[in-house]
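The annotation active site, proton acceptor is assigned in Swiss-Prot to E91. If you look up Swiss-Prot, you'll see 97-329 marked as domain 'Radical SAM core'. Feature annotation from Swiss-Prot assigns disulfide bond to C104-C340. Residues annotated as [4Fe-4S] cluster binding site in Swiss-Prot: C111, C115, C118. Positions annotated as S-adenosyl-L-methionine binding site by Swiss-Prot: G163, E164, S195, S218, L219, H220, N296. The annotation active site, S-methylcysteine intermediate is assigned in Swiss-Prot to C340 on the grounds of sequence analysis.
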Amino acid sequence: MKPSIHSLTHQTMQEWVLEQGEKKFRADQIWEWLYRKRVQSFEEMTNLSKDLIAKLNDQFVVNPLKQRIVQESADGTVKYLFELPDGMLIETVLMRQHYGLSVCVTTQVGCNIGCTFCASGLIKKQRDLNNGEIVAQIMLVQKYFDERGQDERVSHIVVMGIGEPFDNYNNVLNFFRTINDDKGMAIGARHITVSTLGLAHKIRDFADEGVQVNLAVSLHAPNNELRSSIMKINRAFPIEKLFAAIEYYIETTNRRVTFEYIMLNEVNDGVEQALELAELLKNIKKLSYVNLISYNPVSEHDQYSRSPKERVLAFYDTLKKKGGNCVVRQEHGTDIDAACGQLRSNTMKRDRQKAVAAVNP
């Protein structure tokens with residue numbers, strides 16, 4: 001199975017062309033064809049020699065993903081189900097924001113973290129995506145608009161799809177390098193956000209990288225007992241260890257951390273929890289920001305329901321009165337398979353049912 005050409009960073013592209021006996025500037029030409037002109041085949045790279053095109057075809061594919069399903073919401077959200085070369089499925093989501101087009105990418109096939117409210121963890125991790133498969137998600141979303149003649153460009157990226165990005169650390173870093181490169185898509189690092197469920201040691205590593213990509217942490221509870229009950233990762237990285245890493249990140253980078261907090265009715269959404277959260281954040285409140293997120297129900301997790309508006313507002317008001325920076329996040333795609341991993345999970349379920357029906361007509 002040939003890798004995607006998108007697996008090469010600009011530096012490794014330069015190394016590759018030199019290994020082929022070509023001049024270094026050929027890497028810039030290939031890069032421009034891929035990311036500025038966004039061609040779908042090597043044959044379209046008309047300023048390359050036939051010999052170099054043959055070598056590219058022999059060693060790489062341009063697009064490693066196949067589009068299976070596209071769901072479009074009334075609010076402009078678009079959800080894509082892509083098939084990988086090995087037949088596995090991943091999701092990507094485009095969201096229209098007031099500041100531009102934001103794409104949420106997947107970094108793993110399945111997830112081993114096992115959050116009890118999440119559709120992504122219904123299917124255990126099968127493998128990591130390589131950086132080319134992550135880059136290809138952005139390129140196919142951009143292609144979706146290019147083909148419709150819509151003069152719109154992906155401007156922001158959130159690494160919050162299926163999987164734990166910091167469990168696929170090196171591929172995710174190479175994805176940042178490729179998509180941020182000023183000769184390519186040139187998406188600014190500060191327009192990219194990576195979200196972790198709380199791998200404390202990787203947060204420290206990320207602080208030391210010196211990249212300008214934004215950091216978000218999926219917190220979802222203000223104390224160890226509650227967080228461990230809904231996120232098993234808290235047993236390995238309890239809040240004390242997690243916040244020591246977050247404080248190290250802030251001290252090292254002087255950059256703000258966003259905390260994601262999904263609102264689960266009568267589980268973590270009470271005024272008591274809001275007060276606990278305010279206390280937890282009191283030493284870093286100038287460089288912290290809380291996103292209060294409405295829960296998208298998942299049939300397999302029917303013990304949870306979304307918090308009613310009055311509980312969300314009471315939580316928000318309590319946190320604000322304590323000096324916390326917070327916002328109730330805008331919802332997207334509520335009329336389609338909105339929850340992370342839901343489209344993939346539902347499609348796999350239907351595929352299994354069809355397979356059983358074919359065997360037992």
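The backbone N, Cα and C atoms fix where each Cβ goes, and this holds for glycine too.
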Task: Candidates E91, C104, C111, C115, C118 (recorded positions) - the one closest to L219 (S-adenosyl-L-methionine binding site) by CA - done: C115
Task: Distance [Cα-Cα, Å, rounded] between E164 (S-adenosyl-L-methionine binding site) and C104 (disulfide bond) - done: 13
- [ ] Write down the Cα-Cα distance for C104 (disulfide bond) and S218 (S-adenosyl-L-methionine binding site), rounded and given in Å.
- [x] 15
Task: Cα-Cα distance linking H220 (S-adenosyl-L-methionine binding site) and C115 ([4Fe-4S] cluster binding site), given in Å to the nearest integer - done: 10
Task: C104 (disulfide bond) to N296 (S-adenosyl-L-methionine binding site) - Cα separation in whole Å - done: 16
Open item on the list: Within its own chain, what residues at least 6 apart in sequence put their Cβ under 8 Å from the Cβ of G163 (S-adenosyl-L-methionine binding site), listed in sequence order?
Closed with: T106, T107, Q108, V109, G110, C111, S120, K125, D128, L129
TODO: Please give the greatest C-alpha separation between any two of the S-adenosyl-L-methionine-binding residues G163, E164, S195, S218, L219, H220, N296, in angstrom, as a whole number.
DONE: 19
TODO: Would you mind reading off the Cα separation of C118 ([4Fe-4S] cluster binding site) from S195 (S-adenosyl-L-methionine binding site), to the nearest angstrom?
DONE: 15
TODO: For N296 (S-adenosyl-L-methionine binding site) and the residue listed as 'active site, proton acceptor', determine the Cα separation and express it in whole Å.
DONE: 16
Open item on the list: With DSSP assignments reduced to helix, strand and coil, which class does C111 ([4Fe-4S] cluster binding site) get?
Closed with: coil
Task: Between the residue listed as 'active site, proton acceptor' and S195 (S-adenosyl-L-methionine binding site): CA-CA distance (Å) - done: 16
Task: C-beta crowding around S195 (S-adenosyl-L-methionine binding site), within 10 angstroms - done: 20
- [ ] Would you kindly give the Cα-Cα distance separating E91 (active site, proton acceptor) and H220 (S-adenosyl-L-methionine binding site), rounded to the nearest Å?
- [x] 23
TODO: Mind telling me which of the binding-site residues S218, N296 has the densest Cβ neighbourhood, counting other Cβ atoms within 10 Å?
DONE: S218
- [ ] Could you tell me which of these binding-site residues, C115, L219, has the fewest other Cβ atoms within 10 Å of its Cβ?
- [x] C115
